[in-house]
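My questions will all concern the structure given below.
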Amino acid sequence: MNKFKYTLAIIKPDILVKQNQNVDKIINKIESKFIIHQRKQIKLSLEEAEQFYKDHRGKFFYERLISFMTRGDIIPLILSDKSLEINNNNNNNNNNTSIKPWRDFIGPTHRDKAREQIGCLRGEYGTSDTRNAFHGSGSEEEAIDEINFFFPHFLENNKK
């Protein structure tokens, strides 16, 4: 049985507001390791941001996160790790997920830890723990929910 191979990534508003010239460079970096299956640029409404981050409601950073995520455009992307395509063709690797490779690629949530990790995107582009430039699904269940949130028909149209 194949594991879920997709993950949801988000390029957050800090990239689009303050570093817009870097978007193409960032997309190229992403495409060096991941296949982009879907992408769009949108601005979340307050209600959409509250729905997307409902699991964080009540946490100390929730209001700051909602305010930040609604201040400008974001780019949600559906990704799969390019190495999965190779591994799936060569053997039955049990690590058939893009979630961990994407989270490793973007690096730790916390800015200072991200800056210590050479080559991670958050270390290069993040400016604070909230304005950390990128989002990555934390689990298969989260990835499914998040992909359905931004791309409601993708998973049903891409069943294998």
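These residue numbers are counts, starting from 1, taken along the chain as shown.
The backbone N, Cα and C atoms fix where each Cβ goes, and this holds for glycine too.
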To which of N22, N132 does Swiss-Prot also attribute binding of ATP at the site defined by K12, F61, R103, T109, R122?
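Looking at N22, N132, the one Swiss-Prot places in the ATP site next to K12, F61, R103, T109, R122 is N132.
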Using a 10 angstroms cut-off on Cβ to Cβ distances, just flag whichever of R103, N132, H135 is the loneliest among these recorded positions.
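With the recorded positions R103, N132, H135, fewest surrounding Cβ atoms within 10 Å: R103.
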Counting only residues 6+ apart in the same chain, whose Cβ is under 8 Å from the Cβ of T109 (ATP binding site)?
R122, D129, N132
Measure from the Cβ of R122 (ATP binding site) and count the other Cβ atoms within 10 Å, all protein chains considered.
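A count of 25.
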For the binding-site residues listed here (K12, F61), tell me which residue's CB has the most neighbouring CB atoms inside 10 Å.
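Selected residue: K12.
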If the ATP binders are K12, F61, R103, T109, R122, N132 per the record, what's the largest distance between their Cα atoms, in Å?
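If we measure all Cα pairs in K12, F61, R103, T109, R122, N132, the largest is 20 Å.
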Using DSSP reduced to three states, classify R122 (ATP binding site) as helix, strand or coil.
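DSSP call for R122 (ATP binding site): helix.
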